[in-house]
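Scroll down for the structure; my scribbles are underneath it.
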Amino acid sequence: MTTLFISDLHLEESRPDITGAFLTFLRDKALGVERLYILGDFFEAWIGDDERTPLQEQVAAALREVRDTGTDIYLMHGNRDFLIGEDFCARAGAILLDDPTVVDLYGTPALLMHGDSLCTADVEYQKFRANMRNPQTVKMLLSRPLKDRQLMARQLREISMAKNQGKAETIMDVTPEEVVKELEAHNVQLMIHGHTHRPAIHELEANGRPARRIVLGDWDENVWWLEASKNQPVALRHQPLADF
């Protein structure tokens, strides 16, 4: 039995190489595994399930094919695709997860998160996040015409890129104290998240015991995934995108 974790693919029409790598990953790595978790920022942008672009339909069909072979697929919102809804998940055969969620990873409780909520030093972003995730805000956004949402997504992306260029790297990384706080709040010793694009396995202490924080990598020059098996230690793996 094997479980795979990925995040931060940022799928978009302008990067067909990443889409192609993902489809190959599904065929070569995900087929036949027990579970596949996608922990946010699966798409570069998502403005509602009603958009239904050729890329989205292609990805949904590919996921459904994997699901139909017996692999359970779980999808968590990221900061760029938090408007993914149940309609897309139904087409893809995926189950939408809350952020955070604790799962049983072969006898070890694991706390799964996208990771943006851990970056508490970026106060401005956390205020923006709280506003955008408010159910009333989400309802208002989805009620607007599709063209308005498409324009808004482009504008927000441009604003985000401009603001991030002026921010210190430390602000955009997780706050160590917040990591410990979440581990202790959920009484677990293992956290898995994405968002920061800084793949690594960190050793720390929480609940008075050793703990680990595993950071998934973004898909750009490399394809990153975490592999967990019943009788093997977790392994953070990567291969050049060009190899897929």
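Placed from the backbone N, Cα and C atoms, the Cβ positions cover glycine too.
Of the residues N79, N164, Swiss-Prot puts just one in the Mn(2+) 2 site with D41, H114, H195: N79. Within H186, H193, H197, the residue that Swiss-Prot lists together with D8, H10, D41 for binding Mn(2+) 1 is H197. Residues near H195 (Mn(2+) 2 binding site) in space but far in sequence (CB under 8 A, at least 6 apart, same chain), listed by position: S7, D8, G40, D41, G78, N79, H114, G115, D116, L118, C119.
D122 (substrate binding site) sits 16 Å from H197 (Mn(2+) 1 binding site), taking the C-alpha atoms as the reference points. Here the Cα atom of R80 (substrate binding site) is found 8 Å from that of H10 (Mn(2+) 1 binding site). Fewest other C-beta atoms within 10 Å: among the binding-site residues D8, D41, D122, that description fits D122.
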